[in-house]
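One structure is given here, and the rest of the page talks about it.
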């Protein structure tokens with residue numbers, strides 16, 4: 001028992017440290033975008049994981065590009081400079097706000113299971129969902145950019161959006177610290193594309209932080225995309241060879257999968273709070289519903305004054321646990337049952353009911369107490385960016401190839417690193433550490449998108465002004481990270497100082 005408590009305490013500490021690091025990006029977004037409430041002029045803001053990518057986004061805005069144009073340019077750039085996290089072989093979820101119409105829309109460009117996928121395809125070989133061709137779901141990243149550009153972009157030419165990233169591939173860019181560390185994985189040396197990424201041709205050794213990396217193979221692909229448009233990978237000159245590359249690594253991706261893939265415009269998850277603010281986030285398969293439930297529960301406590309108290313931390317953690325209990329019932333199915341589940345989770349009455357089960361001095365070991373009777377697979381690392389245009393439009397977008405380095409191989413014909421998004425599905429017969437069965441709502445089905453913790457979110461005040469553009473990386477910690485930072489910033493006025501970075505708490509089921 002003592003050993004169990006010690007291990008649990010160490011695990012909580014590791015999660016706490018990780019979340020503090022992951023929250024830095026979210027905090028930066030919060031500070032930048034709440035400055036106008038203090039009377040300072042808003043000229044727009046771009047927040048990226050990579051400084052040079054933020055500069056590219058800023059340049060697009062200065063040339064008259066829309067918030068969507070700038071976001072696409074930053075995403076292309078991050079796909080070049082942090083390929084371990086995201087890129088054209090993955091997918092994304094996005095929330096967009098148009099100030100002139102007060103309209104919020106979401107774009108679901110998450111990967112889907114191939115047409116030849118089936119429910120128990122990984123039985124007896126669980127690692128096949130993590131490494132190699134069989135782990136690859138149908139990517140939605142590039143066609144998602146194209147869909148976004150055609151509806152909400154076009155402030156600058158498509159080729160101009162890609163050119164900065166082409167230049168980075170051809171002229172080189174300094175290797176960042178996280179990329180340098182992630183290159184030290186032996187599995188990367190097993191494939192031609194990943195080996196090219198890992199090895200510096202000048203030194204014949206693995207790249208070190210600060211050394212200049214070039215990506216000529218990807219540069220050729222980006223030049224084709226700049227000329228041919230965003231359908232080049234899904235139904236164009238790149239399609240056949242790209243699919244062949246995946247199949248040669250044991251994948252079941254087909255040309256039909258690529259041609260039939262469609263990003264989907266969806267209505268956002270929406271909730272209002274007692275302070276007059278409203279949140280808009282991505283619906284399933286994202287976790288906007290889970291985020292809304294957490295914030296609605298916490299809103300019942302009407303926190304005012306010092307947020308950083310032991311009692312408030314207790315309430316936050318218990319809210320997380322109830323929301324994640326409810327999350328186990330969610331899945332990517334547009335059925336009457338699923339709509340009933342979602343409507344219930346967004347209900348203020350449901351939040352009030354759950355609030356009545358939260359005690360300031362008690363917690364419970366039984367996960368059934370929190371409403372969980374199945375479990376989800378844990379998703380992994382991602383990259384989040386946020387854009388505020390000078391006209392008040394905003395974009396929050398989270399992109400991923402799932403695990404770090406995705407399926408651990410790249411397409412020879414394109415230089416694109418492939419996702420291992422199939423690992424985000426649940427599979428029959430695999431229980432979690434508590435002995436819970438997997439969630440049938442998240443089982444593999446052709447065309448289905450796996451559930452994700454990604455929750456790109458925009459918060460508006462009662463005048464329709466952007467208060468916060470928020471999102472995070474960190475897999476299953478994304479939603480709770482975003483929730484706590486939202487609550488920290490909205491529980492008390494900005495000028496009181498309580499939206500500064502404080503401790504972060506995370507405990508899932």
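Every residue, even glycine, has its Cβ placed from backbone N, Cα and C.
Database features, via TrEMBL:
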BINDING   110, 400, 401, 402, 424, 452, 453, 475  L-glutamate binding site
ACT_SITE  382  active site, nucleophile
Integer Cα-Cα distance in angstrom, residue 400 (L-glutamate binding site) to residue 382 (active site, nucleophile): 5
I need the CA-to-CA distance for residue 452 (L-glutamate binding site) versus residue 382 (active site, nucleophile), whole Å please. 11
What whole-number Å value do you get for the CA-CA distance of residue 382 (active site, nucleophile) and residue 424 (L-glutamate binding site)? 13
In which DSSP state, out of helix, strand and coil, do we find residue 110 (L-glutamate binding site)? coil
Which has the fewest other Cβ atoms within 10 Å: 402, 452, the binding-site residues listed? 452
Run through the Cβ atoms and count how many others sit within 10 Å of the one on residue 110 (L-glutamate binding site). 32
If you count Cβ atoms within 10 Å of the Cβ of residue 401 (L-glutamate binding site), leaving out that atom itself, what do you get? 32
